[in-house]
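Colleague: Feature table excerpt (Swiss-Prot):
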BINDING   HIS36, ASP47, ALA48, GLY49, GLY50, MET51, ASN52, LYS105, TYR138, THR162, ARG182  1D-myo-inositol 3-phosphate binding site
BINDING   GLN42, PRO43, GLY50, ARG256, LYS261, VAL320, GLU342, GLU350  UDP-N-acetyl-alpha-D-glucosamine binding site
BINDING   TYR329, ARG330, ALA332, THR356  Mg(2+) binding site
REGION    1-27  region 'Disordered'
Amino acid sequence: MGKHSAAEDDASAFIPPDGGGPADPPIRRLAAISLHTSPLAQPGTGDAGGMNVYIEATARRLAARGVEVEIFTRATSSDLPPIVEMVPGVLVRHIVAGPFEGLDKEDLPGQLCSFAAGVMRAEARNAPGHYDLVHSHYWLSGQVGYLAKDRWGVPLVHSAHTLAKVKNAAMAEGDDPEPRGRIIGEEQVVVEADRLIANTAAERAELVGLYGADERLIDVVPPGVDTEVFSPGDRAAARQALGIGPDEKVIVFAGRIQPLKGPDVVVRAVHQLADRYPDQRWRLVIVGGASGAGRRPGHQLHELVDLLGSRDTIDFRPAVPAAELAVIYRAADVVAVPSYNESFGLVAIEAQASGTPVVAAAVGGLTVAVADGVSGSLVNGHDPGRWADALAAVTLDAPRRDRLSVGARQQAAQFSWDATVDGLLRSYRAARDGARVDQGRTGIARIDQIGRIEANGSPLARVAGR
């Protein structure tokens with residue numbers, strides 16, 4: 001990235017303000033679809049991660065601006081009430097689709113029909129025109145999103161969050177390739193969506209180059225960070241609260257423990273650091289739970305730690321709420337983000353907002369989230385020796401770490417959830433003003449006087465149970 005800002009890098013990618021005034025009708029109500037994971041779930045466990053944070057943070061702020069948000073997600077427990085008010089103006093609707101437990105994310109395509117029917121039934125209880133638009137998150141939700149678009153006669157905005165073709169091009173050892181069915185599903189959503197949200201200009205280029213998306217319909221809207229939660233603090237006090245000694249060299253990895261996130265890279269790197277610098281006290285704090293392939297025998301991180309004999313230097317901790325995670329960031333000398341792919345990398349921004357430098361892989365959105373040499377460093381590849389070098393360069397050079405800490409705070413200050421919501425609202429208005437209705441694709445015959453789509457005996461009508 002150099003010395004210029006991430007905002008400057010992507011400035012040309014933002015769509016201009018809509019210039020709306022009193023005559024511009026507001027967005028009243030949004031249907032957000034997050035099939036496979038709920039914004040109420042604890043990030044760092046199961047399939048919950050940055051997407052959960054994103055949906056929760058933007059929904060709160062949309063509601064604060066007068067936009068009602070209803071989030072549809074799959075129920076994962078019989079104890080969950082059908083509707084939960086997250087905050088005033090934000091409802092989470094739990095849709096029963098398949099068994100409550102025992103389904104991995106990879107099993108969920110088989111529940112798309114059931115989930116879509118549940119969403120349609122929930123909407124059918126409302127007066128026509130209840131939602132102004134649909135925002136789907138991840139490809140599974142996009143499949144339901146474009147059904148809702150056609151059935152309700154509203155525009156669809158879609159956020160991919162991750163892309164199968166990008167993941168398959170940068171697979172970690174032990175990870176499974178994304179199936180062709182997902183790729184086809186993503187291609188379908190790209191065609192159907194009225195607007196696509198990309199976290200960075202690089203993601204926009206991937207959507208265009210790999211999926212044939214229309215660049216004119218892609219809006220670059222970076223995620224943000226809650227600086228009221230993630231802010232600098234007393235490192236000594238944070239360490240005391242966590243039972244960490246003042247003289248320890250502390251490296252933090254936060255996130256789901258799965259091959260894609262590369263936790264094994266930092267485990268091996270810290271093992272090398274302990275060998276290189278035996279007089280130093282090293283501690284790697286790993287915050288999060290196993291997910292996906294990371295739960296399988298032979299791929300579990302605990303097994304690698306035992307194989308290396310590194311139990312004395314590794315501190316496993318469960319996923320924690322944001323306020324507690326901020327304390328862990330403050331206690332660290334550096335936060336490591338060795339992912340094989342990230343569309344953005346919220347952990348990197350949260351850590352920097354807490355005043356902690358970040359050493360991250362030079363991939364995807366991390367090259368925007370981290371300013372190389374200013375707020376941390378970017379590492380090419382995943383060789384543990386190279387990562388050990390990069391981590392040592394920060395942890396063992398106190399003046400350099402202090403400079404990077406200042407740069408980290410400045411870097412994070414460029415990203416805010418309010419700015420994210422500004423971008424989303426511009427995109428929503430652009431989708432509403434330019435929404436397309438394809439007369440030949442799904443048997444849609446006409447749009448009636450109140451703007452609802454009438455499907456003359458189409459499969460959509462039957463799936464929707466209307």
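Note that Cβ sites are derived from N, Cα and C of the backbone, with glycine treated the same way.
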Colleague: Cβ within 8 Å of the Mg(2+) site's Cβ centroid: which residues qualify beyond TYR329, ARG330, ALA332, THR356?
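Modeller: Going along the sequence, the neighbours come out as ARG235, ALA238, VAL252, ALA326, ILE328, ALA331, VAL335, ALA351, SER354, GLY355.
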Colleague: Taking Cα-Cα distance, which of the binding-site residues GLN42, PRO43, ARG256, LYS261, TYR329 are within 10 Å of ASN52 (1D-myo-inositol 3-phosphate binding site)?
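Modeller: Near ASN52 (1D-myo-inositol 3-phosphate binding site) by Cα: GLN42, PRO43.
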Colleague: How far apart, in Å, are the two Cα atoms that lie farthest from each other among HIS36, ASP47, ALA48, GLY49, GLY50, MET51, ASN52, LYS105, TYR138, THR162, ARG182, the residues recorded as binding 1D-myo-inositol 3-phosphate?
Modeller: 20
Colleague: For GLU350 (UDP-N-acetyl-alpha-D-glucosamine binding site), which of these binding-site residues sit within 10 Å, Cα to Cα: HIS36, ALA48, GLY50, ARG182, TYR329?
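Modeller: For GLU350 (UDP-N-acetyl-alpha-D-glucosamine binding site), the binding-site residues whose Cα atoms are within 10 Å come to TYR329.
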Colleague: By CA distance, which of the binding-site residues (PRO43, ARG330, THR356) lies nearest to GLY50 (1D-myo-inositol 3-phosphate binding site)?
Modeller: PRO43
Colleague: Excluding near sequence neighbours, so keeping only residues 6 or more apart in the same chain, what lies with its CB under 8 A of GLU342 (UDP-N-acetyl-alpha-D-glucosamine binding site)?
Modeller: ALA361, VAL363, GLY364, GLY365, LEU366, ALA369
Colleague: If you count other CB atoms within 10 A of each CB, which of ALA48, VAL320, ALA332 wins among these binding-site residues?
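Modeller: Per the Cβ count within 10 Å, the most buried is ALA332.
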Colleague: When a 10 Å sphere is centred on the Cβ of GLU350 (UDP-N-acetyl-alpha-D-glucosamine binding site), how many other Cβ atoms does it contain?
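Modeller: The answer is 27.
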Colleague: Within 10 Å of ARG256 (UDP-N-acetyl-alpha-D-glucosamine binding site) (Cα to Cα), which of the binding-site residues TYR138, TYR329, ALA332, THR356 do you find?
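Modeller: Passing the 10 Å Cα cut: none.
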Colleague: Find the shortest Cα-Cα separation between VAL320 (UDP-N-acetyl-alpha-D-glucosamine binding site) and the binding-site residues HIS36, ALA332, THR356, and name the residue that gives it.
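Modeller: Looking at Cα distances from VAL320 (UDP-N-acetyl-alpha-D-glucosamine binding site), the smallest one goes to ALA332.
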Colleague: Restricting to the same chain and to sequence separations of six or more, state which residues have a Cβ under 8 Å from that of PRO43 (UDP-N-acetyl-alpha-D-glucosamine binding site).
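Modeller: The answer is GLY49, GLY50, ASN52, VAL53, ALA319.
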Colleague: What is the maximum Cα to Cα distance, in Å and rounded to a whole number, among the residues GLN42, PRO43, GLY50, ARG256, LYS261, VAL320, GLU342, GLU350 annotated as binding UDP-N-acetyl-alpha-D-glucosamine?
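Modeller: If we measure all Cα pairs in GLN42, PRO43, GLY50, ARG256, LYS261, VAL320, GLU342, GLU350, the largest is 21 Å.
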Colleague: Compute the C-alpha separation of LYS261 (UDP-N-acetyl-alpha-D-glucosamine binding site) from ALA48 (1D-myo-inositol 3-phosphate binding site), stating it in Å without decimals.
Modeller: 13
Colleague: Including all protein chains displayed, how many Cβ atoms other than that of TYR138 (1D-myo-inositol 3-phosphate binding site) lie within 10 Å of its Cβ?
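Modeller: A count of 24.
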Colleague: How many other Cβ atoms sit within 10 Å of the Cβ of LYS261 (UDP-N-acetyl-alpha-D-glucosamine binding site)?
Modeller: 28
